[in-house]
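> First the structure, which I've put down as structure tokens, then a few questions once you've had a look.
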Amino acid sequence: MSSQVIAFIGGGNMASAIIGGLLRAGLAPAQLHVVEPHAPQRDKLRAEFGLQALAAGDASLGRAGTVVWAVKPQLFAEAAAPLRAWVGGALQLSVMAGIPSASIARASGSERVVRSMPNTPALIGQGIAGLYARPAVSAEERATIEGLLAPTGQTLWVEREEDLDAVTALSGSGPAYFFFFVEAMMAAAVDMGLTAEQGRRLALATCAGAAALGLASDESPTTLRERVTSKGGTTHAAITAMQADAVDAAIRRAVLAAQKRAAELGREFG
Ligand SMILES: NC(=O)C1=CN([C@@H]2O[C@H](COP(=O)(O)OP(=O)(O)OC[C@H]3O[C@@H](n4cnc5c(N)ncnc54)[C@H](OP(=O)(O)O)[C@@H]3O)[C@@H](O)[C@H]2O)C=CC1
Ligand SMILES: O=C(O)[C@@H]1CCC=N1
């Protein structure tokens, strides 16, 4: 990893996932600057990572080679306005849902903008992040961003910026859909007389095993599903019940709702 300074604007969940990865990859805490107005969160960053976060931006941000925008989309404009004087010379990386790269270029004063959409498994190095670069970003700068995100998991470039809204709806929000499903499995476990903890272990191990099998196999998810589904058996009963409730259509509608919201966030706060 290079010796450049990386400045994070916002030191919350997603910034912490990336910071943790960078420190594990060998960056020195002194290479990481964080602007975080929330005092308890600054204390947490100090305790967890040994970082001295700033309550507000200052001229030290001018030393950053890369600036990572990790505030809520709703707060982007407010967060960026006081920093423009210092961040314009840097490569910009956003993790914010929805905010268009043109807005980030305008607010930061730099056309060198990469938008990313990571997800929370980044915390354990098993995330996947969609990436989009504005034309002014060089091949070397794309590689810099890939290196910065590598400790958090995989990356996937998209050519059209609007596709990041779909990535947001699939993999950015996706961990929450998965935990929603696990919550329902746990509730069903209790309905059947198991404890919630037994349900949690069975559901999580089953989902992790199924995901690992899907990744390791050349077969499609449909084939893998059919292989579990014995004729006239228990899985058939469950899948038939889900089809009767149109669960697949409901999931598709939910993902499209997330995509629509990502686009709205861009229009409202970009
Ligand atoms: N969580 C997720 O799964 C994912 C999130 N994202 C994106 O990451 C971004 C951050 O989300 P997340 O980490 O979950 O949110 P958090 O609320 O955990 O982190 C944002 C942090 O920014 C701080 N902040 C608020 N105003 C400013 C400011 N003016 N300058 C600097 N920092 C400020 C917040 O402080 P305070 O709490 O006081 O407001 C907060 O600590 C969002 O844009 C989201 O779309 C992307 C992919 C996945
Ligand atoms: O819910 C959100 O808006 C953010 C973006 C993707 C995951 N969390």
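Glycine is treated like the rest: Cβ placed from N, Cα and C.
Sharing the record's features from TrEMBL:
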BINDING   Ile9, Gly10, Gly11, Gly12, Asn13, Met14, Ala70, Val71, Lys72, Pro73  NADP(+) binding site
DOMAIN    6-97  domain 'Pyrroline-5-carboxylate reductase catalytic N-terminal'
DOMAIN    161-265  domain 'Pyrroline-5-carboxylate reductase dimerisation'
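Buried or exposed, and what's around them? Tell me for each listed feature.
The C-beta environment of Lys72 (NADP(+) binding site), restricted to residues of the same chain at least 6 apart in sequence and closer than 8 Å, consists of Gly10, Met96.
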> If you count Cβ atoms within 10 Å of the Cβ of Ile9 (NADP(+) binding site), leaving out that atom itself, what do you get?
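Ile9 (NADP(+) binding site): 27 neighbouring Cβ atoms within 10 Å.
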> Mind tallying the domain 'Pyrroline-5-carboxylate reductase dimerisation' (161-265) by DSSP state, helix then strand then coil?
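Once the DSSP states are binned, the domain 'Pyrroline-5-carboxylate reductase dimerisation' (161-265) shows 87 helix, 0 strand, 18 coil.
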> Applying a 10 Å Cβ distance cut-off over all chains shown, what neighbour count does Gly11 (NADP(+) binding site) have?
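Around Gly11 (NADP(+) binding site), other Cβ atoms within 10 Å: 26.
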> Let me make sure I understand the structure: which of the binding-site residues listed (Asn13, Ala70) has the fewest other Cβ atoms within 10 A of its Cβ?
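Comparing Cβ neighbours within 10 Å for the binding-site residues Asn13, Ala70, Asn13 has the fewest.
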